[in-house]
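Features reported for this protein in TrEMBL:
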| type | residues | note |
| --- | --- | --- |
| DOMAIN | 2-216 | domain 'Glutamine amidotransferase type-2' |
| ACT_SITE | 2 | active site, for GATase activity |
| BINDING | 102 | L-glutamine binding site |
| BINDING | 293, 376, 377 | ATP binding site |
| SITE | 378 | site 'Important for beta-aspartyl-AMP intermediate formation' |
């Protein structure tokens, strides 16, 4: 994995603008701590920060192709999992290769198929290719949006980068946010609207989309989308197809020239991947290293909730013993989370998921000491319909994003802020935009149509929150995480598998459980869903509440002009109808918003 940045200018000569380009690249040096590279011409300046995973010597970037009057420059973040097959195909078409890298395969694929090259790729990627002869830039992002890519236009300049901080490092980009940006933060946050970059006139390349940039226009188009079709496979065929796709995907994603490990919670999703990966590595005489995360004294303070049914530690140990991995549990205390609370904001450039972000950052930092790449189980719940919200009709027919138990964070706003931001109107608009994108299937019942809409919202609106989190927290430590459940072939197939089939045997993710039969212990196979672990230690909660009290006491706190202090004080006093963990999550997000406004010197327009 890596970081990419670039700058086009249609009026000014960029040949001597190395200093600014370097500043943009250095803003994301954590994404590529191993190498840096630069390429400049009068119209384009492109940079790359590299984290070496495949072909250490041959994969240097930006990678440049020159022949006759043609010059193409590639800066690429990600992995192409089918690059060996593509290489063989391109060789048959007459291409010759100088390296063993997937980077060169991607560049050659572009030379052969131009912008249609993305339809040949299986991987996680965000890349830019500059055609010097035609003064044309091509940007593309993987099918599910695992790898990030942002861009903006400023006068005659067009800028792009893997993270928002790369754009903000350019003197033409100011940390300005308009009403819609605040509405996204406060209404939808920490999720985001696809394609919306929060900062004024900053965009994100949407998942499954590509962008073509010339002097005259910026054109965005999808190259992949979920298409609704009748599912004709019977139950046994469906189960076998899922099992095949999972095994093939894991096999592809084990390719690495550097040490690879896997995260293991002891839940169905990660345990299944670990079982498949361990089996594949045993064929090569290797033992898979697995890691789990836990917190000091969690067994004493644990509170069962909708998404946290049980602690992970005993389950992870059971799976490790069953599939024969070398396992290590990494433990953090409340003070670790308090000390590093600010790090996720700097990694995301936006408010996020609080201590679950912090612990993931620390978790990746520890794994990085022994490895460079890890597998992880994100996306299984979104594509197999695993969340509790999928199982209750009240969420299906709520007329809003089903994971939102409340109306965003708008209940904490004062009247002036509500009038300016109009968060409820914004939420309604974004919800209707989302369901309008769904391709209906003729003959579906009203319930089936609504279930399809909910699945779409989870895949396109909720999943990106988790993928952003995993990318930013891991890459902030120079650590790569791969997500096999995001293989687009698996997602395409499951999109048309009926709801009742996904939940066969009267249990959520029943289809996935059937696919993993024979690989996992029975008790793990039928363990109830439990989300990524969190701390339950009162020390952490009280620290966050104290932080909020300090914000309220400081008349210069940038959050104060937006909030209703009496409502927040009501929560701090323990009078709100919620437990300590719930109230902390609410306050935690507001603390992050204050930090964001302050650290990034946000100007609200």
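Keep in mind that glycine also has a Cβ here, set from the backbone N, Cα and C atoms.
Keep in mind that this is a model prediction, so the values were computed, not measured.
Looking only at the recorded positions 2, 102, 378, the one with its C-alpha closest to residue 293 (ATP binding site) is 378. The recorded positions in question are 2, 293, and the one with the fewest Cβ neighbours inside 10 Å is 293.
Taken over all pairs of the listed ATP-binding residues (293, 376, 377), the Cα spread reaches a maximum of 14 Å, rounded to the nearest whole number. Within the group of recorded positions (102, 378), the Cβ with the highest number of other Cβ atoms inside 10 Å belongs to 102. Contacts of residue 377 (ATP binding site) defined by a Cβ separation under 8 A and a same-chain sequence distance of 6+ are given as 263, 265, 267, 269, 270, 272, 273, 483, 485, in order along the sequence. Within its own chain, residue 376 (ATP binding site) has 262, 263, 270, 273, 470, 481, 482, 483 as residues 6 or more apart in sequence whose C-beta sits under 8 angstroms from its own. When secondary structure is read from DSSP and collapsed to three states, residue 2 (active site, for GATase activity) falls in the strand class. A separation of roughly 20 Å, to the nearest angstrom, links the Cα atoms of residue 2 (active site, for GATase activity) and residue 378 (site 'Important for beta-aspartyl-AMP intermediate formation'). Annotated pair residue 378 (site 'Important for beta-aspartyl-AMP intermediate formation') and the residue listed as 'L-glutamine binding site', C-alpha to C-alpha distance, rounded: 24 Å.
Take the mean position of the Cβ atoms of 293, 376, 377, the recorded ATP site; other residues of that chain with a Cβ within 8 Å of it are 262, 263, 264, 265, 270, 374, 378, 532.
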